[in-house]
Amino acid sequence: MLQVEPFTFKVSEADLTDLNARLDRARFDTEEIVPGADFEYGVPLEWTKQTTQYWRKQYDWRKHEAYINSFPHFTTKLDRDSITIHFIHVKSSQPDAIPLLACHGWPGSVYEFFKAIKPLTEPGKGKQAFHLVIPSMPGFLWSQRPTKTGWTMIDTARIFNELMLGLGYDKYGVQAGDWGSIAVRCMAAKHPQHCIAAHLNFLPAKPPGPLKLLPLSPWLIERMPWFVFSAVQRDRILRTLRYLQEGSGYYAIQSTKPATLGHALMDSPVGLLSWIGEKFFFWKEDEAEEDAISLDDVLTMITLYWFTKCSTTSFLPYKEHGDDGFLVYLHRRDLYMPCPTAVSGFPGEIANNPERWAKSTANIKWWKMADRGGHFAALEETDIYVDHVQDAFSKIWPLKRSSKL
(Lines of atoms letter the chains of each structure in order from A; the text may use other names.)
(Lines give C-alpha, C1' and ligand atoms only; values in the text may rest on other atoms or scores of the structure.)
Protein backbone atom coordinates (compact mmCIF):
# COMPACT_ATOMS: atom_id res chain seq x y z
CA MET A 1 0.00 0.00 0.00
CA LEU A 2 1.08 3.57 -0.64
CA GLN A 3 2.29 5.88 2.08
CA VAL A 4 -0.17 8.78 1.87
CA GLU A 5 -0.19 12.06 3.74
CA PRO A 6 -3.34 14.08 4.49
CA PHE A 7 -3.17 17.49 2.87
CA THR A 8 -4.75 20.86 3.65
CA PHE A 9 -4.29 23.99 1.55
CA LYS A 10 -3.97 27.26 3.43
CA VAL A 11 -3.06 30.46 1.63
CA SER A 12 -0.98 32.80 3.76
CA GLU A 13 -2.24 36.28 4.53
CA ALA A 14 0.86 37.63 2.79
CA ASP A 15 0.00 35.82 -0.45
CA LEU A 16 -3.63 36.93 -0.27
CA THR A 17 -2.56 40.52 0.36
CA ASP A 18 -0.18 40.32 -2.59
CA LEU A 19 -2.95 39.11 -4.91
CA ASN A 20 -5.26 41.91 -3.80
CA ALA A 21 -2.52 44.49 -4.29
CA ARG A 22 -1.89 43.24 -7.83
CA LEU A 23 -5.61 43.46 -8.60
CA ASP A 24 -5.68 47.00 -7.21
CA ARG A 25 -2.76 47.98 -9.46
CA ALA A 26 -4.18 46.35 -12.59
CA ARG A 27 -3.59 48.44 -15.72
CA PHE A 28 -6.25 48.35 -18.43
CA ASP A 29 -6.53 49.74 -21.92
CA THR A 30 -8.52 52.95 -22.21
CA GLU A 31 -11.01 51.53 -24.70
CA GLU A 32 -11.97 48.31 -26.49
CA ILE A 33 -9.54 46.96 -29.09
CA VAL A 34 -11.94 48.32 -31.77
CA PRO A 35 -15.32 50.02 -31.34
CA GLY A 36 -18.07 47.50 -30.64
CA ALA A 37 -15.67 44.60 -30.05
CA ASP A 38 -17.21 41.52 -28.47
CA PHE A 39 -15.96 38.02 -27.69
CA GLU A 40 -15.02 37.49 -31.35
CA TYR A 41 -11.95 39.58 -30.55
CA GLY A 42 -11.26 37.81 -27.28
CA VAL A 43 -12.29 38.78 -23.78
CA PRO A 44 -13.98 42.23 -23.85
CA LEU A 45 -12.30 45.00 -21.89
CA GLU A 46 -15.43 45.83 -19.90
CA TRP A 47 -15.91 42.21 -18.79
CA THR A 48 -12.27 42.04 -17.71
CA LYS A 49 -12.52 45.26 -15.69
CA GLN A 50 -15.79 44.28 -14.01
CA THR A 51 -14.60 40.77 -13.20
CA THR A 52 -11.32 42.08 -11.79
CA GLN A 53 -13.31 44.44 -9.57
CA TYR A 54 -15.55 41.58 -8.41
CA TRP A 55 -12.50 39.39 -7.74
CA ARG A 56 -10.96 42.13 -5.61
CA LYS A 57 -14.01 43.45 -3.77
CA GLN A 58 -16.60 40.67 -3.53
CA TYR A 59 -15.03 37.27 -4.15
CA ASP A 60 -14.35 35.53 -0.82
CA TRP A 61 -11.30 33.28 -1.16
CA ARG A 62 -11.44 32.06 2.45
CA LYS A 63 -14.99 30.79 1.91
CA HIS A 64 -13.93 28.80 -1.14
CA GLU A 65 -10.73 27.65 0.55
CA ALA A 66 -12.84 26.12 3.33
CA TYR A 67 -15.01 24.38 0.72
CA ILE A 68 -11.93 22.99 -1.03
CA ASN A 69 -10.60 21.66 2.27
CA SER A 70 -13.93 20.01 3.11
CA PHE A 71 -12.87 17.15 0.83
CA PRO A 72 -10.21 14.60 1.84
CA HIS A 73 -6.97 15.58 0.10
CA PHE A 74 -3.80 13.53 0.13
CA THR A 75 -0.34 13.47 -1.36
CA THR A 76 1.88 10.49 -2.07
CA LYS A 77 5.29 9.92 -3.60
CA LEU A 78 5.29 7.37 -6.37
CA ASP A 79 8.66 5.71 -6.08
CA ARG A 80 9.38 4.62 -9.64
CA ASP A 81 9.32 8.19 -10.94
CA SER A 82 10.00 9.86 -7.60
CA ILE A 83 7.12 12.26 -8.20
CA THR A 84 4.70 13.59 -5.60
CA ILE A 85 1.07 13.49 -6.66
CA HIS A 86 -1.92 15.17 -5.05
CA PHE A 87 -5.29 13.44 -5.08
CA ILE A 88 -8.72 13.36 -3.49
CA HIS A 89 -9.97 9.99 -2.28
CA VAL A 90 -13.60 9.51 -1.21
CA LYS A 91 -14.83 5.99 -0.46
CA SER A 92 -18.48 5.04 -0.75
CA SER A 93 -20.36 3.20 1.99
CA GLN A 94 -22.09 1.06 -0.63
CA PRO A 95 -20.82 -2.54 -0.98
CA ASP A 96 -21.08 -2.62 -4.79
CA ALA A 97 -19.22 0.67 -5.33
CA ILE A 98 -16.90 0.73 -8.35
CA PRO A 99 -13.37 2.16 -7.96
CA LEU A 100 -13.21 5.12 -10.35
CA LEU A 101 -10.37 7.48 -11.23
CA ALA A 102 -11.65 10.81 -12.59
CA CYS A 103 -9.14 12.97 -14.44
CA HIS A 104 -9.22 16.65 -15.42
CA GLY A 105 -7.55 18.49 -18.29
CA TRP A 106 -6.67 22.12 -19.06
CA PRO A 107 -7.65 24.67 -17.85
CA GLY A 108 -9.37 22.41 -15.37
CA SER A 109 -8.42 20.88 -12.06
CA VAL A 110 -9.82 18.55 -9.42
CA TYR A 111 -12.17 21.40 -8.48
CA GLU A 112 -14.42 20.79 -11.47
CA PHE A 113 -15.48 17.42 -9.98
CA PHE A 114 -16.39 18.68 -6.51
CA LYS A 115 -20.14 19.03 -7.10
CA ALA A 116 -20.28 15.46 -8.41
CA ILE A 117 -18.45 13.80 -5.51
CA LYS A 118 -21.38 13.29 -3.15
CA PRO A 119 -23.94 12.06 -5.74
CA LEU A 120 -21.35 9.66 -7.17
CA THR A 121 -20.15 8.25 -3.85
CA GLU A 122 -23.47 8.22 -1.98
CA PRO A 123 -26.23 8.15 -4.62
CA GLY A 124 -29.90 7.43 -4.16
CA LYS A 125 -31.36 3.96 -4.07
CA GLY A 126 -30.82 1.97 -7.25
CA LYS A 127 -28.01 4.22 -8.52
CA GLN A 128 -24.46 3.03 -9.10
CA ALA A 129 -21.97 4.19 -6.45
CA PHE A 130 -18.23 4.78 -6.78
CA HIS A 131 -15.07 4.95 -4.72
CA LEU A 132 -13.63 8.15 -6.20
CA VAL A 133 -9.97 8.92 -6.76
CA ILE A 134 -9.41 12.35 -8.32
CA PRO A 135 -5.72 13.16 -8.92
CA SER A 136 -4.13 16.40 -10.00
CA MET A 137 -2.13 15.86 -13.17
CA PRO A 138 1.64 16.38 -12.88
CA GLY A 139 2.30 20.11 -12.99
CA PHE A 140 -1.24 21.05 -11.91
CA LEU A 141 -2.11 22.53 -8.50
CA TRP A 142 -0.35 20.49 -5.80
CA SER A 143 1.08 17.71 -7.95
CA GLN A 144 4.79 17.96 -8.65
CA ARG A 145 5.76 19.01 -12.15
CA PRO A 146 7.10 16.27 -14.46
CA THR A 147 10.54 15.03 -13.48
CA LYS A 148 11.89 14.89 -17.04
CA THR A 149 11.47 16.45 -20.47
CA GLY A 150 9.30 14.51 -22.87
CA TRP A 151 6.81 13.49 -20.18
CA THR A 152 3.72 12.28 -22.03
CA MET A 153 0.30 11.00 -21.08
CA ILE A 154 1.72 7.48 -21.20
CA ASP A 155 3.90 8.51 -18.24
CA THR A 156 0.91 10.04 -16.47
CA ALA A 157 -1.06 6.85 -17.11
CA ARG A 158 1.73 4.80 -15.56
CA ILE A 159 1.81 6.78 -12.31
CA PHE A 160 -2.00 6.95 -12.08
CA ASN A 161 -2.17 3.18 -12.49
CA GLU A 162 0.46 2.90 -9.75
CA LEU A 163 -1.69 5.20 -7.60
CA MET A 164 -4.81 3.06 -8.04
CA LEU A 165 -2.94 -0.17 -7.32
CA GLY A 166 -1.31 1.40 -4.28
CA LEU A 167 -4.72 2.38 -2.93
CA GLY A 168 -5.80 -1.25 -3.19
CA TYR A 169 -7.81 -1.08 -6.42
CA ASP A 170 -6.58 -3.92 -8.63
CA LYS A 171 -9.52 -3.45 -11.04
CA TYR A 172 -10.91 0.00 -11.65
CA GLY A 173 -12.73 2.26 -14.07
CA VAL A 174 -11.75 5.68 -15.40
CA GLN A 175 -13.62 8.85 -16.35
CA ALA A 176 -12.29 11.97 -18.05
CA GLY A 177 -12.51 14.73 -20.62
CA ASP A 178 -9.96 16.99 -22.33
CA TRP A 179 -6.32 15.91 -21.73
CA GLY A 180 -7.60 13.63 -19.00
CA SER A 181 -9.28 11.57 -21.71
CA ILE A 182 -5.86 10.93 -23.26
CA ALA A 183 -4.37 9.99 -19.88
CA VAL A 184 -7.11 7.45 -19.17
CA ARG A 185 -6.93 6.19 -22.78
CA CYS A 186 -3.29 5.36 -22.09
CA MET A 187 -4.28 3.69 -18.82
CA ALA A 188 -6.78 1.47 -20.65
CA ALA A 189 -4.36 0.66 -23.48
CA LYS A 190 -1.18 0.14 -21.47
CA HIS A 191 -2.67 -1.37 -18.29
CA PRO A 192 -5.69 -3.36 -19.55
CA GLN A 193 -5.49 -5.95 -16.78
CA HIS A 194 -6.31 -3.21 -14.26
CA CYS A 195 -8.24 -0.49 -16.14
CA ILE A 196 -11.30 -2.45 -17.21
CA ALA A 197 -13.99 0.15 -18.06
CA ALA A 198 -14.06 3.78 -19.14
CA HIS A 199 -16.40 6.73 -19.56
CA LEU A 200 -15.32 9.74 -21.63
CA ASN A 201 -17.03 13.09 -22.07
CA PHE A 202 -14.57 14.13 -24.78
CA LEU A 203 -13.71 11.94 -27.77
CA PRO A 204 -12.96 13.89 -30.95
CA ALA A 205 -12.03 11.62 -33.84
CA LYS A 206 -11.18 11.74 -37.51
CA PRO A 207 -13.85 10.65 -40.01
CA PRO A 208 -13.57 7.12 -41.40
CA GLY A 209 -13.45 5.93 -45.00
CA PRO A 210 -13.40 8.39 -47.92
CA LEU A 211 -14.30 11.34 -45.68
CA LYS A 212 -10.87 11.27 -44.06
CA LEU A 213 -9.36 12.11 -47.46
CA LEU A 214 -11.40 15.30 -47.75
CA PRO A 215 -10.44 18.64 -46.17
CA LEU A 216 -13.51 19.16 -44.01
CA SER A 217 -14.93 22.67 -44.13
CA PRO A 218 -18.21 24.29 -43.09
CA TRP A 219 -19.10 24.63 -46.79
CA LEU A 220 -18.66 20.87 -47.34
CA ILE A 221 -20.41 19.77 -44.14
CA GLU A 222 -23.43 21.99 -44.83
CA ARG A 223 -23.84 20.33 -48.24
CA MET A 224 -23.58 16.73 -47.10
CA PRO A 225 -26.79 14.73 -47.79
CA TRP A 226 -29.07 13.80 -44.90
CA PHE A 227 -27.98 10.15 -44.87
CA VAL A 228 -24.36 11.13 -44.09
CA PHE A 229 -25.13 13.30 -41.04
CA SER A 230 -28.25 14.03 -39.07
CA ALA A 231 -29.08 17.69 -38.50
CA VAL A 232 -27.80 17.47 -34.90
CA GLN A 233 -24.57 15.79 -35.99
CA ARG A 234 -24.03 18.41 -38.68
CA ASP A 235 -24.48 21.26 -36.21
CA ARG A 236 -22.01 19.72 -33.77
CA ILE A 237 -19.41 19.10 -36.47
CA LEU A 238 -19.80 22.70 -37.59
CA ARG A 239 -19.19 23.81 -34.01
CA THR A 240 -16.01 21.73 -33.99
CA LEU A 241 -14.81 23.36 -37.21
CA ARG A 242 -15.62 26.80 -35.82
CA TYR A 243 -13.52 26.01 -32.75
CA LEU A 244 -10.60 24.89 -34.94
CA GLN A 245 -10.80 28.03 -37.08
CA GLU A 246 -11.55 30.65 -34.42
CA GLY A 247 -10.82 29.26 -30.97
CA SER A 248 -7.73 27.06 -31.06
CA GLY A 249 -4.98 29.67 -31.17
CA TYR A 250 -4.09 28.95 -27.54
CA TYR A 251 -3.14 25.40 -28.60
CA ALA A 252 -0.46 26.64 -31.00
CA ILE A 253 1.07 28.89 -28.36
CA GLN A 254 1.00 26.36 -25.53
CA SER A 255 2.38 23.57 -27.71
CA THR A 256 5.37 25.55 -29.01
CA LYS A 257 6.73 28.04 -26.44
CA PRO A 258 4.73 27.44 -23.24
CA ALA A 259 7.21 29.14 -20.91
CA THR A 260 7.05 32.43 -22.83
CA LEU A 261 3.37 32.85 -22.07
CA GLY A 262 3.64 31.13 -18.70
CA HIS A 263 6.11 33.66 -17.30
CA ALA A 264 3.76 36.51 -18.21
CA LEU A 265 0.76 34.86 -16.57
CA MET A 266 2.79 33.99 -13.46
CA ASP A 267 3.17 37.71 -12.78
CA SER A 268 -0.32 38.93 -13.71
CA PRO A 269 -3.58 37.72 -12.17
CA VAL A 270 -5.55 39.79 -14.69
CA GLY A 271 -3.59 38.15 -17.50
CA LEU A 272 -4.46 34.74 -16.04
CA LEU A 273 -8.10 35.79 -15.74
CA SER A 274 -8.19 36.88 -19.38
CA TRP A 275 -6.41 33.78 -20.73
CA ILE A 276 -8.40 31.19 -18.78
CA GLY A 277 -11.66 33.08 -18.27
CA GLU A 278 -12.22 33.23 -22.02
CA LYS A 279 -12.39 29.41 -22.15
CA PHE A 280 -15.30 29.28 -19.74
CA PHE A 281 -17.32 31.43 -22.14
CA PHE A 282 -16.44 29.77 -25.43
CA TRP A 283 -16.42 26.18 -24.20
CA LYS A 284 -19.99 25.99 -22.98
CA GLU A 285 -23.29 25.50 -24.76
CA ASP A 286 -24.30 28.44 -26.94
CA GLU A 287 -27.76 28.56 -25.36
CA ALA A 288 -26.48 28.12 -21.80
CA GLU A 289 -27.35 30.70 -19.19
CA GLU A 290 -24.57 33.18 -18.52
CA ASP A 291 -24.14 31.74 -15.03
CA ALA A 292 -24.26 28.06 -16.08
CA ILE A 293 -20.81 28.06 -14.54
CA SER A 294 -20.88 30.65 -11.78
CA LEU A 295 -18.40 33.49 -11.72
CA ASP A 296 -17.26 32.31 -8.30
CA ASP A 297 -16.46 28.87 -9.73
CA VAL A 298 -14.49 30.43 -12.58
CA LEU A 299 -12.57 32.64 -10.17
CA THR A 300 -11.87 29.74 -7.83
CA MET A 301 -10.38 27.72 -10.69
CA ILE A 302 -8.23 30.70 -11.68
CA THR A 303 -7.26 31.56 -8.10
CA LEU A 304 -6.12 27.98 -7.54
CA TYR A 305 -3.83 28.28 -10.56
CA TRP A 306 -2.54 31.59 -9.19
CA PHE A 307 -1.75 30.45 -5.65
CA THR A 308 -0.22 27.13 -6.74
CA LYS A 309 1.85 28.87 -9.45
CA CYS A 310 0.98 26.21 -12.00
CA SER A 311 0.04 28.29 -15.04
CA THR A 312 3.33 27.54 -16.83
CA THR A 313 3.55 23.84 -16.01
CA SER A 314 -0.13 23.33 -16.83
CA PHE A 315 0.82 23.98 -20.48
CA LEU A 316 3.22 21.02 -20.59
CA PRO A 317 0.72 18.48 -22.00
CA TYR A 318 0.50 20.65 -25.13
CA LYS A 319 4.26 21.03 -25.52
CA GLU A 320 5.16 17.40 -24.84
CA HIS A 321 2.57 16.19 -27.36
CA GLY A 322 3.21 18.92 -29.92
CA ASP A 323 4.55 16.65 -32.65
CA ASP A 324 1.91 13.96 -32.20
CA GLY A 325 -1.04 16.19 -31.40
CA PHE A 326 -4.28 15.27 -29.71
CA LEU A 327 -5.93 13.49 -32.65
CA VAL A 328 -2.88 11.38 -33.44
CA TYR A 329 -2.98 9.97 -29.93
CA LEU A 330 -6.62 9.03 -30.46
CA HIS A 331 -5.80 7.06 -33.59
CA ARG A 332 -2.60 5.33 -32.56
CA ARG A 333 -3.24 1.61 -32.83
CA ASP A 334 -1.28 0.91 -29.65
CA LEU A 335 -3.59 3.30 -27.76
CA TYR A 336 -6.88 1.74 -28.81
CA MET A 337 -9.07 1.36 -25.71
CA PRO A 338 -9.86 -2.37 -25.41
CA CYS A 339 -12.04 -2.10 -22.32
CA PRO A 340 -15.81 -1.47 -22.54
CA THR A 341 -16.04 2.27 -23.15
CA ALA A 342 -18.91 4.73 -22.73
CA VAL A 343 -19.06 8.17 -24.33
CA SER A 344 -21.19 11.19 -23.46
CA GLY A 345 -21.50 14.04 -25.94
CA PHE A 346 -22.42 17.54 -24.77
CA PRO A 347 -23.76 20.12 -27.25
CA GLY A 348 -21.40 22.87 -26.08
CA GLU A 349 -18.28 20.70 -26.31
CA ILE A 350 -15.47 22.14 -28.40
CA ALA A 351 -15.28 18.97 -30.51
CA ASN A 352 -18.08 16.52 -31.26
CA ASN A 353 -18.40 13.84 -33.89
CA PRO A 354 -20.72 10.95 -34.83
CA GLU A 355 -20.34 7.64 -32.99
CA ARG A 356 -19.11 5.82 -36.09
CA TRP A 357 -16.12 8.16 -36.28
CA ALA A 358 -15.07 7.21 -32.76
CA LYS A 359 -15.47 3.45 -33.02
CA SER A 360 -12.02 2.98 -34.49
CA THR A 361 -10.49 4.47 -31.32
CA ALA A 362 -12.22 2.46 -28.58
CA ASN A 363 -14.41 -0.52 -27.75
CA ILE A 364 -17.54 1.62 -27.50
CA LYS A 365 -20.48 -0.06 -25.77
CA TRP A 366 -22.51 2.96 -24.62
CA TRP A 367 -23.08 6.29 -26.41
CA LYS A 368 -25.38 9.08 -25.35
CA MET A 369 -25.89 12.71 -26.32
CA ALA A 370 -26.84 15.13 -23.57
CA ASP A 371 -29.39 17.89 -24.08
CA ARG A 372 -27.30 20.52 -22.29
CA GLY A 373 -23.74 21.17 -21.24
CA GLY A 374 -20.30 21.89 -22.58
CA HIS A 375 -16.60 21.19 -22.06
CA PHE A 376 -16.71 21.39 -18.25
CA ALA A 377 -19.66 19.02 -17.96
CA ALA A 378 -19.15 17.95 -14.33
CA LEU A 379 -19.17 21.60 -13.26
CA GLU A 380 -21.71 23.03 -15.71
CA GLU A 381 -24.35 20.26 -15.75
CA THR A 382 -23.55 18.16 -12.70
CA ASP A 383 -26.85 16.26 -12.63
CA ILE A 384 -26.58 15.17 -16.28
CA TYR A 385 -22.92 14.27 -15.88
CA VAL A 386 -23.62 12.14 -12.79
CA ASP A 387 -26.60 10.42 -14.43
CA HIS A 388 -24.52 9.52 -17.49
CA VAL A 389 -21.61 8.16 -15.45
CA GLN A 390 -23.91 6.07 -13.26
CA ASP A 391 -25.94 4.70 -16.14
CA ALA A 392 -22.88 3.94 -18.25
CA PHE A 393 -21.01 1.98 -15.58
CA SER A 394 -24.13 0.13 -14.51
CA LYS A 395 -24.14 -1.32 -18.02
CA ILE A 396 -20.48 -1.64 -19.01
CA TRP A 397 -18.73 -2.63 -15.76
CA PRO A 398 -17.49 -6.14 -16.61
CA LEU A 399 -17.44 -7.41 -13.01
CA LYS A 400 -21.13 -6.69 -12.57
CA ARG A 401 -23.49 -9.55 -13.41
CA SER A 402 -26.05 -7.22 -14.93
CA SER A 403 -23.53 -5.65 -17.33
CA LYS A 404 -24.89 -5.55 -20.85
CA LEU A 405 -21.88 -5.72 -23.11
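Glycine is no exception: its Cβ is also placed from the backbone N, Cα and C atoms.
Residues or ranges marked as active site, nucleophile by TrEMBL: ASP178. In the three-state DSSP classification, ASP178 (active site, nucleophile) falls within a helix.
Sequence-distant contacts of TYR318 (active site, proton donor), defined as residues of its own chain at least six apart whose C-beta falls under 8 angstroms from its C-beta, comprise TRP106, TYR251, GLN254, SER255, PRO258. Among the features that TrEMBL reports, active site, proton donor is placed at TYR318.
A simple way to gauge crowding: the CB of HIS375 (active site, proton acceptor) has 27 other CB atoms within 10 angstroms, across all the protein chains here. What TrEMBL records for HIS375 is active site, proton acceptor.
TrEMBL lists 4-113 with the feature domain 'Epoxide hydrolase N-terminal'.
Per-residue confidence over the domain 'Epoxide hydrolase N-terminal' (4-113) averages out at a pLDDT of 95. Around the Cβ of ASP178 (active site, nucleophile), the number of neighbouring Cβ atoms within 10 Å comes to 23. Taking CA atoms as the reference points, HIS375 (active site, proton acceptor) and ASP178 (active site, nucleophile) are 8 Å apart. Secondary structure of the domain 'Epoxide hydrolase N-terminal' (4-113) per DSSP, as helix, strand and coil residue counts: 40 helix, 24 strand, 46 coil.
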